[in-house]
Amino acid sequence: MVFLFSSFNFHSHKIRVAVMLHLPLMVTAQVDLVLVLVTVLSLWTRLCHLSYPNAVVFDEVYYGQFVSLYMKRVFFIDDSGPPLGHMILALGAYLGGFDGNFAWNRIGAEYPCSVSVWTLRFLPALCGALCVPLVYLLTLELKFSHLSALGAALLLLLENSLIVQSRFMLLESVLIFFVLLAFFSYLCFYNAPSSSWFRYGWLLLCGASCGAAIGVKYMGLFSYLLLLGVASLHTWNLIGDRTVSHLSVCVQCVCRFFCLLVLPVLLYVFWFYVHLSILSHSGPHDQLMSSAFQASLRGGLSRITQGQPLEVAYGSQVTLKSSASQPIPCWLHSHKANYPIRYENGRGSSHQQQVTCYPFKDVNNWWIVKDPDRQEMMVSSPPRPVRHGDVIQLVHGMTSRFLNSHDVAAPMSPHAQEVSGYINFNVSMAAQNLWRVDISNREVESDVWKTILSEVRLIHVNTSAVLKLSGVSLPDWGFRQLEIVAEKLFKANTGNLGWTVEEHRYGTSQEQKEREVELHSPSHIDVDRKISFWAKFLELQWKMLTVKQEDSEHKYSSSPLEWITMETNIAYWLHSSSNAQIHLIGNPVSWGVANFSLLAYQVLAVFYLLRRRRGFKDLPHGVWCKFVCLGCVCVGGWLVNFVPFLLMEKTLFLYHYLPALCYLYLLSPALLEHMHTHLLSSVTYQRALCVWASAVLLSVFLSYRTFCPLTYGNPELSANELRGLKWRDSWDILYRRR
């Protein structure tokens, strides 16, 4: 009976659920076929025959080196930008099984069969393809029609320069993808109903996209600041909205602050955490970093310094590395050669032993830390550590000369004092060889001088001058080594004053002969001196900002003003034996449409503002707000991605203009729709505008088809056909005469 009752209740429950859910369950889905079509076309134009050419193309020779270093987990510094873009390229290489064993030494070098070219280029091409549907969706979120969205998508789809930049192992397409995704997700958040909690998912995606854009290239910062400005304006309007409760305003402000400010910063730091976690081995850029940083990497300095004593004591044998990385990293050095009695300009010197800075490991880099009150030059038991403020003498290990300075002008920097290894010539020039240890990064006043971790300044007791690297090379008599001087502290450039103990051993020999032998046999005392991630992160940031490679003029470099009218192009690849070639050339018709739209919007904006100032409101409030929003996003996006380059003193190329160009392609169809709907009242004019727009789109397509051989490198054209594609005299089209 109990069983029957339970069964009855169970079946009754099922019937109630069926009634409540209206079985059978049906799912209705709406698919935007136009969006699907443009997505398929964009994937086809970007991914088709991606492995061609099977050779290194333009900046692949630059980015490929970093990809190889990632595969081998070797540390490097790229002063051009953060690591996320490189890691994305390295991910594609990893998916293709690339082991890093390829010499990226010249453009046009053939890839071996072991390298999967398709996977190397896949992720940038995928990002470039997804930019097209993103522009379509972004236009819809700006409250314009599907027809305008289609127009914007077609302009991006048929832009030859964007196709070229997407199809190779380059980063502009990745940057543009994350920037467009950030604006799209923010507008989805802003346009969503305020009662929907799902909208905060869009806000999180926006913050993540901003962090990714900055992590790919610092150019992403321009668009991020624009988005912050738009979001700040929206937030300010929200605060003034009295229809929204105080609690809701507070919650929304906190969410926006976290997603748009905190999250991008956290992600930016996270990219470097992953970067430093992967690159754990010593590499070619180690010398630019501090000794502590180098010692944290496997191999290199960590192999040399393994087991060194941590605390510098009286009697320690040390090498002192300059904290300055310019002109090159070097170590305090001396050798058995004296300063000339007179220099080329007639000035006299002390004729004492030269002290220089030498950029290579050498036995003459070793110095002994001596207590001025004792004769011993070996470490006592227990060791007596040197502390901040202690006065010491430094004795050159191989020649036993004391580090000395006096009121004699330095050879190449006469405003500073000469530094020498003191020789007693029995003349009226007494030794001045006392130096006070000043630990600049000390935690307490009595801090101990530590190997690798401490950065010290050596202050000359007699003259209060500080030991520093001048950075000037000595003449032939100084073997072209770098000059060391002592300069008054108030005159000295603080960047070149620090010294770090890099190699260190406890001396056990008092006699010179025994000590020379000892300098080749390090002691081993296990000490853990790992530095924190934050210390490495901050140091790497500083080096990226200050250690700049010299910019040299490039054949295809250009100025920003040349980009607007596409006065220049870039030859990316030329076949070794035929006329097949790939160029970064934009679609001339699309480029003209973009420039016209920019000018037209500015003229319209001035016209509307003057009319509104006179009290004539030609547009309803909602339409005016939409027009202003379009200008903030599109014209503002163009400005923040173009104007900064006018102020930069660096080598620039046409591809730097591509992010700004995308904003104009977003603007053009939307502005056309605005003119059609709100400016042209006559049906005849509206139809004429539609015909004109159709003709322009047809011209865009024909122009795209015309330049396809230079976009894809196929088919090969004859010399006469290539001459026909040289629409501007300033373009550099290459061809072989046959």
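Note that Cβ sites are derived from N, Cα and C of the backbone, with glycine treated the same way.
Heads up, TrEMBL stuff is auto-annotated, nobody curated it.
Per TrEMBL, transmembrane segment is recorded for 21-44 (among others).
What TrEMBL records for 122-140 (among others) is transmembrane segment.
Residues annotated as transmembrane segment in TrEMBL: 170-190 (among others). Counting residues 6+ beyond its ends, the transmembrane segment (170-190) has Cβ neighbours under 8 Å at 58-60, 63, 81, 85, 88-89, 123-125, 127-128, 130-131, 134-135, 137-138, 141-142, 162, 199-200, 202-203, 205-206, 209-210, 212-213, 216-217, 219-220, 223-224, 227, 230-231, 234, 633, 637, 655, 658-659, 662 in the same chain.
For 197-215 (among others), the entry in TrEMBL reads transmembrane segment.
Marked as transmembrane segment by TrEMBL: 221-239 (among others). When Cβ-Cβ distances below 8 Å are used as the criterion, the transmembrane segment (221-239) is approached by residues 179, 182-183, 186, 190, 206, 210, 213-214, 249, 252-253, 256, 260-261, 264, 632-633, 636-637, 640-641, 644, 659 of the same chain, each at least six residues removed from its ends.
Annotated transmembrane segment per TrEMBL: 251-274 (among others), in sequence order.
Using DSSP to sort the residues of the domain 'MIR' (309-372) gives these counts of helix, strand and coil: 3 helix, 30 strand, 31 coil. Taken from TrEMBL, the feature domain 'MIR' applies to 309-372 (among others).
The domain 'MIR' annotation in TrEMBL covers 383-440 (among others).
When Cβ-Cβ distances below 8 Å are used as the criterion, the transmembrane segment (589-611) is approached by residues 155, 158-159, 564-566, 617-619, 624, 627, 630-631, 634-635, 638, 661, 664-665, 667-668, 671-672, 674-675, 696, 699-700, 702-703 of the same chain, each at least six residues removed from its ends. Annotation comment: TrEMBL describes 589-611 (among others) as transmembrane segment.
What TrEMBL lists as transmembrane segment is 623-647 (among others).
If you look up TrEMBL, you'll see 684-704 (among others) marked as transmembrane segment.
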Residues of the parent chain within Cβ reach of the transmembrane segment (21-44), under 8 Å, 6 or more residues beyond its termini: 128-133, 136-137, 146, 149-150, 153-154, 156-157
Positions on the same chain near the transmembrane segment (251-274), where near means CB under 8 A and six or more residues out: 82-84, 87, 200, 203-204, 206-208, 210-212, 214-215, 224, 227-228, 231, 235, 238-239, 533, 537, 540-541
Distant-in-sequence neighbours of the transmembrane segment (623-647), which means Cβ under 8 A and at least six residues beyond its ends: 142-144, 183, 219, 222-223, 225-226, 229-230, 560-561, 563, 598, 601-602, 604-605, 608, 617, 656-657, 659-664, 666-667, 670-671, 674, 678
Mean predicted confidence [pLDDT] for the domain 'MIR' (309-372): 89
Intrachain neighbours beyond the transmembrane segment (122-140), with Cβ under 8 angstroms and 6 or more residues off its ends: 34-35, 38-39, 41-43, 45-47, 50, 88-89, 91-92, 95, 146, 148-150, 152-153, 156-157, 162-163, 165-171, 173-174, 176-178, 180-181, 183-184, 187, 662, 665-666, 669-670
